[in-house]
Amino acid sequence: MKQLQHCWWCLVRFPTTANRLFLAALILLALAPVKGYPDSGGGHAAEAHQHEHCNHQHPKAHEVIHGVQLEPLHVIRKRSIDQPLRILLVYDESVYRLDSDKFSLINDTILPDAVRFWEQALMVRQTKEIIRLNRKCESSQVFVKNSLTYCIDSCKPVTLCGEVQVPEDHLDVCRVCNSTGQDCREDPSTSAGIGISNADFVFYVSARQSERCHKGLTVAYAAHCQQEAALDRPIAGHANLCPESISTKPQELQTLLSTVKHEILHALGFSVSLYAFFRDDEGNPRTPRKPDTGKPYLNEKLQIHQWSDQTIRKVVRDNWAVRGGHINRTLDMMVTPRVTKEIRDHFSCQKLEGAELEDQGGEGTALTHWEKRVLENEAMTGTHTQSSAFSRITLALMEDSGWYKANYSMASPLTWGRGLGCNFAMRSCKDWITANNASSIEGFSEIAKGRSIHPFCAKVKRDPLQTECTDDRSSVALCNLIRHESPLPRQYQNFDSLAHVPTGEEAYYGGSVSLADHCPYIQEF
């Protein structure tokens, strides 16, 4: 359906039985659950309206190993960010236990294509030295002397990156001090491995049907595990592919590829665990550091390092329209310079403070993705619902980390909300729907009126189903407005009245995608 150039069957009567059957088959496909990680609707959404939902579990502060030595800070700072990123894939033995067709798909297509994309999209300060990763300490406390990390008394016998055991060849010698920071030395029972050369990031890949794989049909998840000493760039990470959720169906190839590219980016920098380590173009921290550790302050509640308002800022919308009135709505905005420029240019709204981050989905989704209501099919939103795009906004975030330069020619066009202005970008979808319905010209058909509120919509899914065209006329689409099993939370109630809905029941109606704040929108199938 994505290749259609003319959506000539949208919203027309189908005169033949064959055409009616064709449309019915398309509609059944649209209503079927999408395989992946489902939309966490908090029990509101009907089971048939689930969507892929990212289950990124950001590492807690004590789980990440810092201080991997490459080169001195003054040397690295002088080096231009002009070398293509080099990612080394290292397979855990579980990958080789995949069914042969799944292994071939992952090994020959998905991982090479996903890695190649980011190697072409991002440039780094080239790593000229051999990478030797640090060993995990038995204690969470460490000493740092002459830029080297020392464990208290001993290192753990095994160092993990996610579910993968880091090979001894990749590890540095174990360095230890006593509990008072004295008698510091190299542990003679260990030795430095040969290390990793010709790489800037080491990516350990496993394929285990872990407990997390059973949460919402998760396809894959990834995170970083070690950061280098000079500029805090993540230098090693892991991904786990869930064997039972890997589909070899050709029609699901692009979704799987997009999912893996999405997860790799969490490990490279798009993670709530890494925001506090972002740096400016000169290599200076965007977030103040503790004098004693050189790290940002710890958020005790989240157990991650707390970023400053130079990176993420809270913004209060004090006139947020909902059913029956207005509320105050507090948003988290990514306000780094390039992100702010790109999001303003995208919406044609120069007073927009930054790019809104997701506020739902728990710690695996909130803050680690773009807000779905604002950037619906951007690939780094928390739910995959239709053709995903890694846009200039996402590449800008990676560049604003201070670790990368972006090749913006690799960005995909993002049409959602483009050029719709501040009323779209800064106000609730209820405001947008109400204002545009009110301004519809009398005498136009209901179809014409409905298009005026795009990309949102206000047609309840019911018999007979009415299709529409996407705004670029490339796909058949339906309005995903449905009746939920219980009233939606007030901040997600977007209608004072609805056609064909009894008065008083409007609170039950909203879009099927919870991360989009239940704003109903035109969804392709």
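The backbone N, Cα and C atoms fix where each Cβ goes, glycine too.
What TrEMBL annotates here:
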type: ACT_SITE; residues: Glu263; note: active site
type: BINDING; residues: His262, His266, His369; note: Zn(2+) binding site
type: SIGNAL; residues: 1-36; note: signal peptide
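Overlay of TrEMBL annotations on the structure.
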residue: His262; record: Zn(2+) binding site; CB count, 10 Å: 26
residue: Glu263; record: active site; CB count, 10 Å: 25
residue: His266; record: Zn(2+) binding site; CB count, 10 Å: 26
residue: His369; record: Zn(2+) binding site; CB count, 10 Å: 27
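Mapped onto three states, the DSSP output places the residue listed as 'active site' in helix.
Taking the mean position of the Cβ atoms of His262, His266, His369 as the Zn(2+) site, the remaining residues of that chain whose Cβ falls within 8 Å of it are Cys54, His56, Glu263, Leu265, Phe270, Ser271, Thr368, Ala379, Met380, Gly382. Across the structure, His369 (Zn(2+) binding site) and Glu263 (active site) are spaced 11 Å apart at their Cα atoms.
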